[in-house]
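Taken from TrEMBL, the feature compositional bias 'Acidic residues' applies to 510-542. As annotated by TrEMBL, compositional bias 'Low complexity' applies to 543-555. Residues or ranges marked as compositional bias 'Polar residues' in TrEMBL: 565-581. Here TrEMBL flags 15-500 as domain 'Major facilitator superfamily (MFS) profile'. For 504-581, the entry in TrEMBL reads region 'Disordered'. If you look up TrEMBL, you'll see 85-110, 143-166, 187-209, 348-367, 379-398, 404-429, 436-456, 476-496 marked as transmembrane segment.
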Amino acid sequence: MANQKANGPKLPVRQLAILAVARFAEPLALTSVFPYLPEMIGSFGVDKVDVARWAGITGAVFSISQSLTAVAWGRASDKFGRKPIILIGLFSTMCCFLVWGMSTSLAMAITARAIMGSGNGNVGIIRTMVAEMVPEKVLQPKAFSLMPLVWSVGSVFGPAFGGFFARPAEQFPSVFGNIEYFKRYPFVLPNLMACCVFFISFMTGLLFLKETLESKRDKRDWGLVLGEKLTRTFHRSKRSHRNSRRRSFVDSEASAPLLATSTTSSTEHLASSTAKAPAAVSWRDIFAPQTTVNLICYTFLALHSVAYDQVLPVFLNYPRVIPDETNTSLPFRFTGGFGLSSDRIGTIYTVYGISCGIIQFFLFPALCARFGVLNCYKFATSVFPILYFLTPYTALIQDTTTRYAVFLTIMLVKGFVVIIAFPCTTILLTNSASSLRILGTLNGFATTFSGLGRAIGPASAGAVFSWGVQRGYIIAPWWFLGLIALIGTIPPWFIVEGEGPHRAPAVVESSDEEGSSEEEESLLPNSEDDDNVVIDAVDELESGSSSDSDSVSSSKAKHRRIATRNRSSYGTVANTNGASK
């Protein structure tokens, strides 16, 4: 049992951690906008009742731009590699956030957001990289929960940045009061700090992130070379040990090839000379029935969940209204918000982010293992409408402590189901793909459709908010989102959980070996123990004498073809064992 665990599939922890660092800047920067967005829109001369509408439009412009370019970025990552496209997205977003913080008009802010969205397709590409790093189904709940966990951690620091450092000349006059730059651009400081984090993420990805696209893995990466040189002094003592180990697909913790580096070059050359060009991705491959249903689910989730997060700060910033017979007629007609400033909104979002991080780290993998990914997703979608219908009624509670307690409870439950829903729908979408070769394009389309949802949701919810407060119906946007979420509970019941994408074979056996194919098929191991026997046999060959190098190389190549065929799915045994979960 211990031997099976030791030789079972493992998470590529190092590369996932580096990918998480590259991902961290985006949630930090995006959520830092929430606390001060209503005040920023108001500083452009927009009327109070129209703030929600323009805040929604600002968010919609970003999402529309992102959706229009997501497929192009996905196809670019399929052609040029995942890593360079991620680095381009980080650099573009870093520059745009600086321009956003220095915006002095609504037109300038909207333009900055549009360029920001069109220049970043990292959401789908990062999902693709995780799928390529961790195709084992039994490991997917942990792997796919990492990026939402990073979002949760970024959501802790982002609102704190935005709420604490917006308007620094007013909040900290003794430090920033005499600096004209911060008086002229009151919302630039949190964006400057976010740009520093973007720079760290960019450099970490450049120096240490390894390519996962199969056709680009063996290409020389000058960023990795530079990173190796910069860190050589920190692990000089480990270098000799690392050079003697088998070369890894992603890193030392991923599944490694069965032959040593010195003996793989000839077989890799043979593979490259006999490999078939992959078939072109067709529309039928991408929009298969199950992928289509999963894309619909993902679009609905992005639409109402992101719209809720965008409208909520406007609701919290909207002035308090004491209910009386002139402005209130329960259960539907009433108005008023919480009347909070940007720093207090930032504090609420920080508590929200911390709670989501705890839920993500401790509860999500256990819940998926216990109840299954699809059941968890169905449960989450059924809770959203209830929360949306209840949210506006918190403004009616007159006792301050009770009002905050009820509101935070709703927010925490919403965070809980969001943390469950997004990684679950990502896993379901990934496992609905027929092949790894379509994942980049499929996730590009997922980003496109979810981007349309994130555009339509905030824009329409913001417009309904403005319409509602003008007529005394603060419930309007929340019930609007509740109805959308209610419709979104239907598609999950048509999902059939897939087995996950499979890697197409990269090597076509030559004609002189066709006669032995049946013999090789009969040698395929049926368990992890049998797989270890093949590995041990190859290890024995590697330790043989050099006088028999020709026969040893031939035997090694044969064993490598057998073992590679068995492991070509990167965890087929784990997939079978975890299918019931």
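Start at 1 and count along the chain as shown; that gives each residue its number.
Cβ coordinates are placed from backbone N, Cα and C, and glycine is handled just like the others.
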Confidence summary for the domain 'Major facilitator superfamily (MFS) profile' (15-500), mean pLDDT rounded: 80
When counting Cβ pairs under 8 Å to the transmembrane segment (187-209), the leader among 85-110, 379-398, 476-496: 85-110
Stretch with greatest number of CB pairs under 8 Å, the transmembrane segment (476-496) reference, 85-110, 379-398, 436-456 candidates: 379-398
